[in-house]
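Please read the structure below before turning to the comments.
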Amino acid sequence: MAKKPKQLRNKPRKSFSTQTFTVVVLVLFVILILVGLGIFSLPSTNKTSSMPMDLTTIVQTIQERESFGDEEDGNGDRWLEVISWEPRAFVYHNFLTNEECEHLISLAKPSMMKSKVVDVKTGKSIDSRVRTSSGTFLNRGHDEIVEEIENRISDFTFIPPENGEGLQVLHYEVGQRYEPHHDYFFDEFNVRKGGQRIATVLMYLSDVDEGGETVFPAAKGNVSDVPWWDELSQCGKEGLSVLPKKRDALLFWSMKPDASLDPSSLHGGCPVIKGNKWSSTKWFHVHEYN
């Protein structure tokens, strides 16, 4: 007697709703990973927000806060503020401690000399009326405190320490200034030491009673929208300006994201009207600075 053929049992199929739920969970999981890595950001629910390029929106935008010191030591919290997208400029508030500011000033005082500028024809440093401050350079890794500051700057900029020049400490007295200029080079000599300058970090080591702003005359946007507009000197109102505040660090890029030079990074130091201005500058190059 012939055996009946065995009937093949079909495996139970997942319902369409189950498959959809699985896909949704996977998509949400991927989105959470991207948000955590900072690659993707969730849309803002603020209905009153302006367009991204509006200075009213991007000024005073807090991107990061971290506990740092307390009210007694006067160091406050560290937080990052977007100043401009053209040029790309950011202020890291309370980047330095009071002690670090005083340390850099004390290191520089014994060797201060009249500041110079780069001659575009020869690549050498020369005297110029456009720069009337005094200053000195500190070797990279001059001491443990300087090295700690330099490493922190690299963490802030994501540029290796070896791509940076040594810190330059500057002192401006009443009436002293630095006319608007670009930090990138126009000569063929200076680029041999590490390529073109890509970014600048300017740290303010002292408060200034009046004047001494860092001004960007070619910045895009309505520069009068900044909340500190009424505090600016006449020079400071000639462009987008940053007030010199002790412990703050200003980062701006001399190159665009496509590695082309950014003319809007034109900047200058306004004359000090009242008080003294101490600052420290770190220039970064495309390659290792030799």
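All residue numbers here begin at 1 and follow the chain in the order shown.
Cβ atoms here come from the backbone N, Cα and C positions, even for glycine.
Record features (Swiss-Prot):
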type: TOPO_DOM; residues: 1-19; note: topological domain 'Cytoplasmic'
type: TRANSMEM; residues: 20-40; note: transmembrane segment
type: TOPO_DOM; residues: 41-290; note: topological domain 'Lumenal'
type: CARBOHYD; residues: Asn46; note: N-linked glycosylation site
type: DOMAIN; residues: 163-286; note: domain 'Fe2OG dioxygenase'
type: BINDING; residues: His181, Asp183, His267; note: Fe cation binding site
type: CARBOHYD; residues: Asn222; note: N-linked glycosylation site
type: BINDING; residues: Lys277; note: 2-oxoglutarate binding site
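Fewest other C-beta atoms within 10 angstroms, among the binding-site residues His181, His267, Lys277, are seen around His181. Distance between Cα atoms for His267 (Fe cation binding site) and Lys277 (2-oxoglutarate binding site): 17 Å, as a whole number. Within its own chain, Asp183 (Fe cation binding site) has Arg197, Thr200, Ser254, Ser265, His267, Trp283 as residues 6 or more apart in sequence whose C-beta sits under 8 angstroms from its own. Mean pLDDT, taken over the topological domain 'Lumenal' (41-290), works out to 86 on the 0 to 100 scale. In this structure, the CA atom of Lys277 (2-oxoglutarate binding site) is 27 Å away from the CA atom of Asn222 (N-linked glycosylation site).
For the domain 'Fe2OG dioxygenase' (163-286), DSSP puts the residue distribution at 17 helix, 50 strand, 57 coil. Same-chain residues that are not part of His181, Asp183, His267 yet have a Cβ within 8 Å of the Cβ center of the Fe cation site turn out to be Pro180, His182, Thr200, Ser254, Ser265, Leu266, Gly268. If you measure from the Cα atom of Asn222 (N-linked glycosylation site) to that of His181 (Fe cation binding site), you get 21 Å.
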